[in-house]
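Per Swiss-Prot, these features apply:
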| type | residues | note |
| --- | --- | --- |
| BINDING | 21, 45, 46, 99, 127, 165, 191, 217, 243, 244, 265, 266 | FMN binding site |
| BINDING | 45, 69, 70, 71, 72, 73, 127, 192, 193 | substrate binding site |
| ACT_SITE | 130 | active site, nucleophile |
């Protein structure tokens with residue numbers, strides 16, 4: 001058996017496979033088929049300062065090779081999570097990353113400070129695909145200066161490892177990655193969903209009330225793979241790669257492209273036990289190819 005352990009942003013992981021935020025709930029929903037303890041890391045669904053009910057109308061829409069979602073960050077809020085969910089989550093003995101979102105810098109900082117004294121947390125994943133209400137709705141993750149300012153404030157507010165989740169909806173994702181590095185981020189996760197939409201030809205109107213939705217699944221894998229390939233060479237930060245991973249071969253591609261770890265998202269809906277087969281598949285691949293550790297193949301596809 002090969003050594004599957006990795007160190008991602010100072011966080012020891014027993015294997016390189018994590019759950020992607022928003023697709024695995026808080027882990028409890030999948031316990032009948034897979035324990036969060038079996039994952040390299042559990043990344044919980046995104047949390048905001050106050051509870052959110054999410055978007056009205058259609059939330060999910062299948063495409064030919066993926067899934068469009070417009071959930072609207074439905075979540076119980078950070079206080080309810082800390083008081084009611086985290087105590088039970090600790091019992092899972094999982095390496096847990098907390099995904100956080102906010103409408104302005106202060107909200108991100110306040111959420112971070114509320115988590116600082118909590119036990120059972122391995123790190124924070126900062127979702128910068130949120131619109132900044134004080135910057136006319138401009139999404140943090142498309143502007144290097146906004147990204148730098150926000151990540152700097154979060155970094156200064158906690159001793160937890162800070163991982164920043166990057167949006168693909170930018171001209172040059174490496175510029176955003178470099179801003180995160182300058183701000184003191186410990187690691188990066190990429191990519192978030194790709195902006196898209198669908199139209200109901202019978203109603204002759206957009207499927208989603210918000211018009212735009214996030215595309216995930218196999219359709220975005222080539223986009224995600226290229227982003228990981230570019231970013232992992234542009235900065236000296238570990239990368240958690242995600243976007244369309246459905247089998248161990250996909251996961252291996254991301255690691256060869258430079259990812260230290262990978263995260264599974266949409267596949268969890270189609271095949272809840274996918275993580276088990278992907279972890280085993282990575283192990284089998286390493287043995288077959290003669291590698292002692294998964295770390296030995298990281299970035300081998302670089303040219």
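Placed from the backbone N, Cα and C atoms, the Cβ positions cover glycine too.
Features per Swiss-Prot, on structure.
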{"residue": "21", "record": "FMN binding site", "DSSP class": "coil"}
{"residue": "45", "record": "substrate binding site", "DSSP class": "coil"}
{"residue": "70", "record": "substrate binding site", "DSSP class": "coil"}
{"residue": "127", "record": "FMN binding site", "DSSP class": "strand"}
{"residue": "191", "record": "FMN binding site", "DSSP class": "coil"}
{"residue": "243", "record": "FMN binding site", "DSSP class": "coil"}
{"residue": "265", "record": "FMN binding site", "DSSP class": "coil"}
Cβ within 8 Å of the mean position of the Cβ atoms of 45, 69, 70, 71, 72, 73, 127, 192, 193: remaining residues of the chain near substrate: 22, 46, 214
Max CA-CA distance, Å, over listed substrate-binding residues 45, 69, 70, 71, 72, 73, 127, 192, 193: 16
Cα-to-Cα gap, residue 70 (substrate binding site) vs residue 130 (active site, nucleophile), nearest whole Å: 13
Same-chain residues at least 6 apart in sequence whose Cβ lies under 8 Å from residue 130 (active site, nucleophile): 101, 102, 103, 139, 140
List of residues, in chain order, with Cβ under 8 A from that of residue 46 (FMN binding site) and at least 6 apart: 21, 22, 73, 75, 99, 100, 101, 127
Residue 243 (FMN binding site) versus residue 193 (substrate binding site) - Cα distance in angstrom: 8
CB contacts for residue 45 (substrate binding site) [other CB atoms within 10 A, all chains]: 22
Cβ-based isolation winner (fewest other Cβ atoms within 10 Å) among the binding-site residues 72, 243, 265: 72
Pairwise C-alpha maximum, in angstrom, for the residues (21, 45, 46, 99, 127, 165, 191, 217, 243, 244, 265, 266) that bind FMN according to the record: 20
Residue 70 (substrate binding site) CB neighbourhood, other CB atoms within 10 A: 22
Rounded inter-Cα distance in Å - residue 191 (FMN binding site), residue 72 (substrate binding site): 18
For residue 191 (FMN binding site), the number of other Cβ atoms found within 10 Å of its own Cβ: 28
Residue 45 (substrate binding site) versus residue 265 (FMN binding site) - Cα distance in angstrom: 11
